[in-house]
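Peer 1: Below is one structure. I have some questions about it.
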Amino acid sequence: NSLSFSPYGQSLASGSYDTTIKLWNVDTREEIYELLGHNGYITSVSFSPDGQILASGSYDTTIKLWNVDTREEIYELLGHNGYITSISFSPDGKTLATSAQDMTIKLWNVETAKEIRSLRVRERPVISVNFSPDGKTLASGNHEGTIKLWNVETGEENSTLKGHYQCVRSVSFSPDGKTLASGSDDKTIKLWNVETGANICILQGYHSPVRSISFSPDSKILASGGDDRWIKLWNVETGEEIRILRGHNNSVNSVSFSPDGKTLASGSADNTIKLWDLDLDSLMERSCDWLRGYLQNNPNVSESDRHLCDGIGTQK
């Protein structure tokens, strides 16, 4: 149901409907160990930036912090009155953001396990949260399709991004911090300019809800998965679909790029996790070779956009 790579990409954590958390060796594809303790299915897992802590959120309304080396539970975070929908570590690892069905977002001090503040959501429950790369902003996507950007220091709402008309299942900042992606039950993915709040483009091609999105480490590729059972890779700069990865037999609930960008992990309701070997350079080359002619020859393309693909792929 949820996947997270360790910071150096050696391990992959998975949280499942069977209430277990498993750690896997990425090289050997073998299970390292299993963590037990939740009484409801696991909705979200996330490694801390230093890789020493694994956080897990569950349908049992609790968040647990685990010591990755000793496999022991460090803390249990109590305070939500509904099942946990999403968790996200701040880039410095000092703060954990959690969202729940109780219509709140909570910020926790990871070292003390104390609640820092609670952000009251007025409309509908928040389904996904994600910290910006600089740690100053928290993005949230809710059940009615609204995205909000919050000031982490003050807890105040900075802005509201509207465009989706159904539940936003996943929000993710690009590693360079310039773009926010959102995946929705309305079968679309939207890319937003973080600075201006403007909708840059809409990625279309799904026939069912989009459940998970993940940026490549260089911010150039976006992976998405959903109820259509396949994974799509998109060129973030151009909005073009690069490739479809097929192999799952049920909805794809989680996708995650490895830290080096060479592997994509996908978790599905078919009870499998798949690791896909990616050559991002070749993906970009294939996309841009196809697109270059259109950009350079179409009279409706602005002059500033004609050279977006220059320097990538085979020059014609």
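Using N, Cα and C of the backbone, Cβ positions are placed for all residues, glycine too.
No curator has checked TrEMBL annotations; they are predicted automatically.
Since we're looking at a predicted model, the values are computed, not measured.
Per TrEMBL, the feature repeat 'WD' maps to 1-34, 35-76, 77-118, 119-160, 161-202, 203-244, 245-286.
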Peer 1: Please work out the helix, strand and coil residue numbers for the repeat 'WD' (35-76) from the DSSP assignment.
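Peer 2: Once the DSSP states are binned, the repeat 'WD' (35-76) shows 0 helix, 22 strand, 20 coil.
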Peer 1: So what's the mean pLDDT when you look at the repeat 'WD' (245-286)?
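Peer 2: Average per-residue pLDDT within the repeat 'WD' (245-286): 88.
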Peer 1: Could you give the number of helix, strand and coil residues in the repeat 'WD' (77-118) as assigned by DSSP?
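Peer 2: Result for the repeat 'WD' (77-118), in helix, strand, coil order: 0 helix, 24 strand, 18 coil.
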